[in-house]
Every structure is written in C-alpha cells, then in structure tokens.
Amino acid sequence: MASNLISRLLPSNTQGRSIYDSLRAHDEASGSDMDVEERAAMAIDEENLRFKDDELGNPADVISGESVTESTAFLSDQQQTPQKQGYNRKGKGKGRSHNLAESPRLLEEDSDDDVPASLLIEGNNRHADPETPNHIRARQTALPKRAPAVPGPSAQQIKEERDRAHWEMTQEQQKLHEDGGNRATGVPHTPQSIPQNTGFYLTGSPKDKAMYRWVNVTNLDNFIGDLYAYFEGAGIWCIVLAKVIDILTLVFVAVFTTFLTQCVDYKKIYRGDARSLEYALVPQCTKKISGMSNVAIWLVCLFVLYRVYQLLTDLPRLMKMRDFFTYLLEIQDSNMQTVSFQDVIARLMALRDANPMTVERISPDNRKFVLGTQSKQRLDAHDIANRLMRKENYLIALFNKEILDLTLPLPFLQGRQLFSKTLQWNLEWCILDFVFNDYGQVRQLVLKDSHRRELSDGLRNRFLFAGLMNVICAPVIVIYVVIVYFFKYFNQYHKNPAALGSRGYTPLAEWKFREFNELHHLFNKRLNMSYPFASRYLNQFPNVKTAHMAKFITFMAGAVVSVLVVATVWDSEVLAGFDITSERPVLFYIGVFGSLWAITNGMIPEENEVFDPEYALRQVIEYTHYMPNHWQDRLHSDEVKREFSTLYQLKLMIFIEEVFSIIITPFLLWFSLPKCADQIIDFFREFTVHVDGVGYVCSFAVFDFKKGDGRAPTQGKAKSDMREDYYSTKHGKMAASYYNFLDNYLLNPKTGVPGHNPPGLRQQFYPPPAFPGLISSPTSGADLQSSRMGRSDVRPMNRAPYVPQQAVRTPRFPSNTTATGSPMASILLDPRHQPPSSELGARSVRRSSRSRYQARRGNNIIEDPMEDENGPGRPVAQPGRSYAVDDTVANLGESTWEVSPAKADADGQDEEEDGDGTGGAGVLGLVYQFQKAQTNGRPGVSIW
C-alpha cells in the first residue's frame, strides 16, 4: 500500500515500470532460490576432505538436488545423473561466475562457514507424506532405464548392510549426534510421542508441544528475535505488565489533557467566581469539544484499540515462548530477571545439538530457503548476534563510515550533525524496509549494478515521501512528546533542581559507540558504566570565571534564603500573611532563591578534586571504545572537550533537540539525505556478504576468528591506499567490535575468565594446556603448575554458572585441538568460530591490566593492534617477580585451571596459609622450597 501511494504522489519512472514492481517481481521470481550460494553449487565440504567417498557412503551418488533425508540417503539402486556445477535449475544457465560478477563482495566468503550438505540431517518420518503423482513422475524420470533386478534379496541386503556400515562409521567419526543410549544425562532429546496436529491445536504434553514447535521452526530470524525480546522483557508477566502500563499511560495522558483543556473554565478561577473545582467545571464539556479536538480524540481511541489488539494477539506467542524457556531450556519464568543471555545461548546450543533434525514436512522450495538462510546448524553466539543485528549492523557501519549527510546548510548550525529518535525511525523505514525483503534478507536486486539508478531514484522518492508525512504528523507528535515529558520530569526537577544538570549520551553518540554484533542489553551495560567517568571528565575543565560568578550568586541566594527561613521560624505568621512584593509571599521567594542556590552551587567545583583530564578521558574511552584519530595526543585539550560535550549533553538539551528535530526532520529528508542515495545503494552492494545458513549480512559483522581482528601491522607499512580505506572501518571499529565480542562471549561474565563450560565438562580436563601468550617465560608450563592458578580451591558444584547439565554436548564437527581441546575455549562458539589458543591465553592477561597499560600508552588504545607478549610497550614477566601471576591469575576465582584436583582438595588449605608460594620456578623458588621443608613444624624465623 505504501509503495503504491508513493508511486502515485511522486513522479514515476518514465523509462519503465516502477522500482517497487521490479523488486516485487524479482522477489516472487526468486522465491526459494534467493540463496545465491546454494544456486551456485560451489560449497566446499572442508570438514570431510580427509575422508574418502566410500567412507562417507558415496554422498555424491546419493544426495539429490532437492533434499537429503535419512531414509533416502543410501538407496544405492537409484543412480542419478550428476548436475554440472554452476548450472541454474531455473534453466537460465547462470553460474557462479555471473552472480559473483554482479556482487564482487561475495568473493570474500570464508569456506569455513559452509555447512556441509552431507551433515544436514532431517526427520526420518518420510513415509508420513504420501507421494503425489508429480513426485512419482519426477522420481521415475530421474531414474535411468535398466534391466529387471536379479531375483533374490541377498545381493541387495549385502549392499544395504555395507552402506549402513559406512554411514555408521561416518557418524562415529563426525560425531553428528549421539544415539539415545549414549546421550548424556540431562540433554533433552526429541520426544518419542510426537504431538498430533489436528488442524487447530496440538495435543500432547506441554514439553512435546514445545519440542514440536521448535523442530518445525522455519524462520529462525523471527524466532531468535522473539526469544531475545522475551529475555529482555524478563518473562511473560513482566512483558504483559509493561504493555498494559504503556496503554494506561497513553489513556491517562489523553484523558487528563482533554480534561484540562476542554472541561475547566479558567476565567472563573481568575475572576474568583469559582471557590472550588465543581464551580469551575464546564457542564457537558464533551459536547462542546471542537472539530479538531474530536478528531484527535478519535485517533487516540483508535490507536488505543490497536494497542489492545496487539497485546491480545501477542499473548499466544508469549505463552509459546514461555513453554520453550520452561520445558526445553529449563529456565523458569521466575529466573528470567537474573539469567544471563550467555546461559540462554549455551542452553539453546545444547538443545540444537541434541536435536539436529529440521522440519519433517517441508516442500523442496521451502527446504532451499530453510537450509540456505535458516539453518539450525548455524546457531552459536556469533550467528545469533548476526541474526538479531542483521539490520542494526548496517546502520552502525553507515554511521561509522559517515555516509549519511545529517547537516543542513544553515549559518547558525555551523555544519552540526542533527540526529534524533524521530530521524532514526524515518531512516529505518526509508532505507532498511526498502533494502530488506519480508524474510529479513537483503534483496538480490539491490546487489546488482544494473539497477543502481532505479534503486537510487526509489530511495530518493522514499525520503521525499517520508518528509511529507513528517510535516503532516509533526504537530501531533510535538504536542504529545511535550505533554509526556512535562508530566514525567516536572515534579523531579521541582523537587531536585540539581537534576537539571544531569547529562546523557545523544542518540548520535549511541550509534557511534555501538559496535558490530553488540546486543542491546550488552551495549546499555557498557554505556551505563561510563556515565560516572564521563561526568568526572567534564568536571575536569572548570571555568574559573564561571566558578567565581557561581560563588557570588550562591552567596547572595543563600543569604536571602537564610534570612527568610529564620524570620519564618521566629514568627510563623510571616509565612502566611506577609508579602515581600505585590502578591508574592515569603514562600515564593524561598522557593526562587533556593532553586537559584542549588543550580549555582552545582557549578562550583569541589575543592579536593584532582584535575587530570587525560586520565579521566581514558577512563571514559575504556567503556565507550570511541577515540577518533584526531584525538591523539590531544586528550587534555579544550577542542576534544567541546567535541565530547556534543556527544554527552544535558538531558534537558537532548529533549529540546528532540522536539526541535521533529520540525527540521522534513528538511533533512528533503534536502540532505537524497544526496546520499547513490552512496547508500553502493554501500549495501559493496558491504554485503553471504554466509551459508545465515543469509546476507554486513561484511563487517562477520568476524574472522582464525585471523583475529584482521588489522595489518602498522609499523613499517606505507600509508594505505584509497581502496583499503574504503573497505575498512574508521576509528578501529572493527577491531574494537572483535575484542568486545570476545569479552562478552569468550569470557565468562560471572568469573572473568575464558569459557562458559559447565562444571561436568570442566572437570574432565586434568592436563594443563600450553598457553603461548599467558606467561612470557620458557618455563610457562611449570610456572602455571606451581602458581596460584593450580592451587586455588576446587569450585563447588552448587556455585557453578547457571548452565544445565544438558550443556554437555557432543561436538558436531571433527575434533579441533586449538578450539575444543582446551577448556579455555568458549562453549558459546562453534569450532569454526573459535579464536586461536594463543589469543585465548593472552586475552585474560590483557583484560585485567588493560587500563593500566592504556594509561602508559600515548596513542589510541582502540586503533592500535594488541602487541605481542614480548613486543614493545609490554612488560616482560621476569622469574623473580610475581606480578604476572598475582595481578592476572590469582584473582581468577572459582573457574581456575586445576592441574591436579585431588591434590588441590587435600593440600589447598595448607598452601594458602603459607602465603604466596614459590612464585613460579627458578633458583629462588627451589631455595624457598628447601628452606620451607627444613623449618616446617619447627620454631624459627622464615628468611623469605
């Protein structure tokens, strides 16, 4: 409807049909073939390269072009003609080379992200679907004509047994899933009694219903979005209560505003004719409401009914999600307010590995769509973040690369960027809804150079139409926002005038600070921790002139208030009957001068405050991860302070700018943003990549964990060319996002060390691993064994992280010594997404001493790559000192590495009483051990 309205109001394309018709026709023609990589048939099965075809049961002979099921995987009597690579099933003859020529960014795919087609297992209930004549005809056509089979089933049985043996051997080597008898205790599995679908509702136990819905999920983006919304809302009852309160707030604002504006005769109050409210009320005021007010009231009523309808329709979905959390993830609704999202991901991955089957009844067209972009095999922390932030990652990149023009050519604005929540809503509708289709994927037509001009014109028309709609809706939005803000904050400012000086980050600053694949609750947590340091930084720049004036005004206001208060206490009648000025009693001036004193007193800096702007700003950067290049060596300057002040403003000014932006947003949509249409279309074409099983995502959001942050060394390298600058992020956004992702999902938030492994899995690893970057010493293994890390108390089982026993899962991929062989690896990442083991060991050391290390550095802590353990600027651990262990290892707490758990149980208490221990190894350590052995149990003085 919106597209048709746009095409009618705005000039149409005279050269051909509308771009919306082209997009719609292209989407319908593509259908399930929207997966370019699946049509290309060029996926490499790197996981099975070391196995021969006969070991895998000859998958090339048994896998058809449409589907793979357990029941049809090894029908050896059906020989099929192999299909040529690059051939399009639609008959168009387009291969992979043609598709990649249209979208060069697809060349940057990582073959490690490909999910082998031979590993996708589906339901074995194939006979539930009766074969249609078309299926029988297609199967007969695919089978070559042959002579009748030799009578006797013996040869066929032998061949089936051989194929079954090959398949069982492949399952044993690949560890796709465990059988019911070998499945770990506590891991949920597919119930034996599948609920029956009667057409209107499911019959069976709640757990069976939840499992049936999970198995039949076809749109993982919507499902993961509902799951995250349920997690953020803290359960069904909190979500319902929040929605009800929002509706009641809207109703109260509408009723109270109507009462104040239409049902009260203020003239009677001013003349003194009305001694009480009942005399000032307008009789039958609802019949005297004007036409525009009636229209507004009816619109509000319709909107309230729409919100109530939304709430009622959301209840079944919320109840299904509650069953999913309760019965499959084993998270009760009472624990939703305290459970972490990392624990939810761990349970979801365990559920995925315990039930590696897709939907049972699915058409071939839908199978292409599900396995191409909605594969449940791609469901670790990295893939979930890409699904949840598929659109937000593009907006983060747009703001980082400064593609959007948010300025107006007005002299008094001086090129200032204007951004607000209102403009954000318009950008989401104009850009994201235009680029993404109904399935949440980037339209393939956007990725083609041939339609660049039409797409740019269509985007410009959307900007113009959005500006027109903002002009129509601006008066209503302004009135509603002002009324709600007045009702919400006036009493707070009246009771606490100092709250007028409170600050907050602007919407533009939030998009500049947010990083790729950083979920909303994690970003808010990081941002909230920076508020005290940001306020402290701005207080590091006191204006001496302002401070002197504030002291003088504070002194005068305090003197007047003190005299009036003393006079009132001396004679209470003065407060009621004495007027200082005409119709202004004593109480009025006490309030005025008291508020003035509170405001000016807040401008006076503390006398005992230490001024160090550079140190204070580094503390802010520690959490915001934002440090432009031009801030280098200028953190103490006033220019940096003014620039930071535009990002961290007074909340009152943020509200004023929000109201002002409602008025100027149409001008931005009419004059500034249409100039960026070509760059926006080019951006989506150049920075979109395809990930098998996930779909189209922003290229910056695909972290290459094998290569680290992807930054080349800056020392000894010439200045990067224009192409590298174009295809890279600014201000080190990519590297900051990569390391922040590791901090959130590689490190356990409860313990501060890598790994989310459950206790049962952690205790299985007794030998100490080799951590190349943990201690810069040739004897790091011996140092680790004798340090506190090996002598800490054994973690009690009841203090384990909130991860169920079902998290002990069998890996779906071949064993990887660097990823899964070490307990430092995170269980929230699949083997393909595990960073190198050297980075795992060094990450905890860098994180614990990061702030001190940054304070010593004089350059950007985010832009520069992490130095090597023995690189310049990093202290080298020496044998005679224990700071490397005491600062980074001794405080690991409960999730420390146990070299010998049995011995730690017996001797842990005695060793802790003896002090710091040997301190690692070396001559001094041996001397200390010898001295301790000689004096143990005898009186004497320790020489250590």
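Glycine residues also receive a Cβ, built from the backbone N, Cα and C atoms like all the rest.
The membrane topology recorded in Swiss-Prot keeps LEU408 and TYR626 together on one side.
Same-chain neighbours of the transmembrane segment (295-315): 240, 243-244, 246-247, 250-251, 254, 258, 289, 476, counting only residues six or more beyond its ends whose CB sits under 8 Å from a CB of the stretch. For the intramembrane segment (463-483), the list of distant contacts is 5-6, 9-10, 253, 257, 296, 299, 422, 426, 429-430, 658-659, 662-663, 665-670, 673-674, 677: same-chain residues at least six beyond its ends, Cβ to Cβ under 8 Å. For the transmembrane segment (236-256), same-chain residues at least 6 beyond its ends with a Cβ under 8 Å from one of its own Cβ atoms are 229-230, 297, 300, 303-304, 307-308, 310-311, 314-315, 318-319, 321-322, 333, 336-337, 480, 483-484, 487.
In the topological domain 'Cytoplasmic' (316-462), helix, strand and coil residues by DSSP number 93 helix, 3 strand, 51 coil. With helix defined as DSSP H, G or I and strand as E or B, the topological domain 'Cytoplasmic' (606-651) counts 26 helix, 3 strand, 17 coil.
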